[in-house]
């Protein structure tokens, strides 16, 4: 597989009062990226962080900030997140069927890497045009739980999507997010995922570095 493995601890599971030190702790433990869950309380019921928090964290780290936008209007977030120092900008296909071309162009123009995500109930075929289009995304994030809350149970049936993507696009970055830990990471990796988001399993472990190294 001509893609690089990445482990991205989900900062949603960290101690938000100590975000900078938690980020550094993850990097010291061997993390490749830091996964930032941005939720608007509308596309998903939960409300988390936005550009001001990304901007604050950026002052303390040079790490790749892998931002996952669970929001109804992703276009509204492109400029603020670009200015804040986000590295990756992954939007949901369910809210961008009509304007994804413009969205990808804007994301790239602000120096960020575009990605697309899909919920467990969304057919994988919906993202194919975004990978193959004139302005393609550079990563597909397959949600392995319903987006919105941490600590959910991994849905093994979503692995069919990962297998289909890997077969069709051998060099694409394929990320999985939700319920990933020592017992499920192997399943995701063997299906073809090369970017693993892990939250509760890393932050809740007595030895976070051991969980990351096992991954």
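Just so it is clear, glycine is given a Cβ too, placed from its N, Cα and C backbone atoms.
What you see is a predicted model, and the numbers here were worked out from it, not measured in a lab.
Annotated features, as they stand in TrEMBL:
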| type | residues | note |
| --- | --- | --- |
| ACT_SITE | 37 | active site, proton acceptor |
| ACT_SITE | 177 | active site, proton donor |
| BINDING | 10, 68, 148, 149, 150, 151, 179, 199, 200 | substrate binding site |
| BINDING | 35, 37, 68, 177 | divalent metal cation binding site |
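Taking a C-beta cut-off of under 8 angstroms and a sequence separation of 6 or more, residue 68 (divalent metal cation binding site) has the following same-chain neighbours: 35, 36, 37, 38, 90, 117, 141, 177, 197. The Cβ neighbour count for residue 148 (substrate binding site), using a 10 Å radius over every protein chain in view, is 18. Comparing the active-site residues 37, 177 on other C-beta atoms within 10 angstroms of each C-beta gives the minimum for 37. Neighbour density for residue 10 (substrate binding site): within 10 A of its CB lie 24 other CB atoms from the protein chains shown. Sequence-distant contacts (6 or more apart, same chain, Cβ under 8 Å) of residue 200 (substrate binding site) comprise 13, 150, 151, 181.
Comparing Cβ neighbour counts within 10 Å across the binding-site residues 150, 179, the minimum falls on 150. Of all Cβ atoms in the protein chains displayed, 29 besides its own lie within 10 Å of the Cβ of residue 35 (divalent metal cation binding site).
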